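Colleague: What TrEMBL shows for this protein is this:
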DOMAIN    32-122  domain 'Ig-like'
DOMAIN    130-217  domain 'Ig-like'
DOMAIN    300-380  domain 'Ig-like'
DOMAIN    386-473  domain 'Ig-like'
DOMAIN    478-571  domain 'Ig-like'
DOMAIN    578-672  domain 'Fibronectin type-III'
DOMAIN    677-776  domain 'Fibronectin type-III'
DOMAIN    781-877  domain 'Fibronectin type-III'
REGION    862-888  region 'Disordered'
DOMAIN    879-974  domain 'Fibronectin type-III'
């Protein structure tokens, strides 16, 4: 109670609170807040030389001290095995019997105590596999099998791998044939193969916080035998593939590649992943499935926590904690590390008639089987004599004459003080103009000069009293002297709204503007609003007014004590707004009816409406053809049957066209018979006894089909025949029809026509086209075949043309076949003429080689019979060496080039002369000179350029190897070298270059 507090002479009121006899200084001290809490540790059993450190650090003022609990009892700090290092607990040589358990850290200072989360110290172990050998196993080729791991006793969970025959040759994925279960450790084999015969070892690993331990089993001998025993086995061939699906929903995308493997991995599980999952094994022979349910649970998570509170003595405290989790968490409360049982209702804590002893550190604890979480807050119960030092009454309070003023009185005090006001020696009471609110606010209405003076607020509680005084200064009221006027403009025009005001000259005056209650930004230099500056002028300039800027504009003239406002309406005329409620009715094959409602006319009467539309195949909007328009309806014509359309309506007035309406719903016109015939009718070719008819598909695309059930009707007849043959082609994508009849004569003339049809009827026929039936190969062979060798590498073949006496087709040209004497005719090379020429040059031959040659005629059906065979022998090859010893001499603007005669070998053709190809620098074409002698005189370029020469021998075997040379007018001493100039585009080999004086 209060008398006990007053009896404490060392307690300074307003500066501290009491917690269990210690003084927690307000504004200076703070209770502990954890910065690091202990984490659970798995320690290797039997490791006697190690240490375990459980961390604990808290922020506090003054600094916190620490103690520890294990399984709810204090840790014996006097035991030399336990050491406290700055809050951290170090356990030397941990032992399972003495040290296993749940540890919690307590952080303590004079403001209170908090308890950390629990950290479990557990001991891990992995025993060895039994020493006995394992029984060998047999699997049949193509069958499935599994090898049991049978792991030894252990803690915590193991990871499993298998190796074969020799460590460390670990098993690797093999097209889905092998799978290691991380639950049982067993090795599963989908389809045994002969090379799987081996010794297999189960390798187990346990991971602890400070070490890792592994061990492996004795050998599991597996022998794979052919299935020759007559036994019935389950053969899985091919190796099955695996895939996952979620039976009651979509498989989460986070499954990634694991959705096609033996293990489905779903990282960062949420409740959305709950459900039934199915694994399917499948191959070309069948499938099998297994299902399992995933139930997601979660450790507690805070939805609402408490926060630090400073509460006055004798009042009430209400704190709420809300946590989510599955199973639903239970809630308990701690005060300074000790359980609270009274005044607790689940997640709600209520403390009434607060006393100083209630100050301290409080914790809300939420827990379920998956974990425990803590929320901390500090409660300070305050007791204080009234004090205005931190929040006095304003010393000078200006107020406008005729207005109102509010003077605040908010001292620090606990418990809550009684407040009253006085003016001079007069105690103020509530009246028609003066009101003192329950929280101490003084409000004065309709202020006059007589209200000016000093006002004092008094505060009092049982600990004492205090007061604070302020001076009320009455000023002239602010008034609007020139209010803005209503305005009417066209979109894009400028307008100025005027606003002038008078005010108390001792205070600054500011102007603000608002549109429909929203304050305008007048500081943006690039904006459309600009204020005309002046001491008492606040005019608003609106640049290029838009429809969105129409509305009520309010001008406010404001000082620190009062304000005055005036408003005006701005009307902006512009193009109409979008029409609304567009609907499509009375749909026909080529027309629809549209109805809509008027949009806002933006203060200018609507003059007309424009209908826009587009089809499914034409994304761009275009103006539609309409009939007579009423105010809000019309009929649209010129549509395609059986086509999807959308429509919009645009209204316009004398100020322009507005925004289009929202698009109508998609509507499909009624079906009708086709109105357009297919184009590109033609054909011809094919095999014997066939008539091929072709047409173009693209003009008969979706927009010309006019309905479903679309196809083609073909009519054809022999020329001068009275009877038409009619065929239907039901595939809309078809562009070719083949009519086959054994009685068809080759290259017979037919008249053909085509039309389209659908469910509504048939369209018009196209124009008649003339098409020939398939041709027949030529039946006559060319005669008088002659083949002449031109060089070592080419020959010329000539023949007499065949007489075109039959009507079996159109002769397209001739085919020449040639092959070497020792080869078979089947390997012959072929050359075709592009027309009806009776000579052809064949190149690419081998020198000094005898060839057989035949000629045959061809048309679109193929080649005719071959002519009689003739033979030809190509000439000896030309010399393989270029002209040598090239030299030259200049004479003014001419240069004479000389070279040695080329001597031929026995197997080469004789030299009959030389070819000199040359060009000046900058020229692209070579000039050719034929020379029978070994020199040539050429003009030099007038500038300092060069001449490119190419000299080669020639004879009956063709052109010999070339010698390329570059001759320059201004060169130094004569010398010769082999170089590869990269500035001459056509030189590929190294070129001999001569420089001369």
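FYI, residue positions are counted from 1 along the chain as it appears here.
The backbone N, Cα and C atoms fix where each Cβ goes, glycine too.
Not measured: the values here are computed from a predicted model.
Neighbours and distances for these, please.
Modeller: Broken down with DSSP, the domain 'Fibronectin type-III' (677-776) shows 6 helix, 46 strand, 48 coil.
Sequence-distant contacts of the region 'Disordered' (862-888), counting only residues of its own chain at least 6 positions beyond either end whose CB sits under 8 Å from a CB of the stretch, comprise 777-783, 785-795, 799, 802, 815, 817, 821, 845-856, 895-905, 907-909, 911, 914, 934, 951-963, 965, 967, 992, 994, 996.
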Colleague: With pairs fewer than 6 apart in sequence excluded, do the domain 'Ig-like' (478-571) and the domain 'Ig-like' (32-122) have three or more C-beta pairs that lie under 8 Å?
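Modeller: The domain 'Ig-like' (478-571) and the domain 'Ig-like' (32-122): touching, no.
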Colleague: Counting each residue once, how many in the domain 'Ig-like' (300-380) are helix, strand and coil under DSSP?
Modeller: 3 helix, 52 strand, 26 coil
Colleague: Taking every residue in the domain 'Fibronectin type-III' (879-974), what is their average pLDDT?
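Modeller: A mean pLDDT of 81 is what the model gives the domain 'Fibronectin type-III' (879-974).
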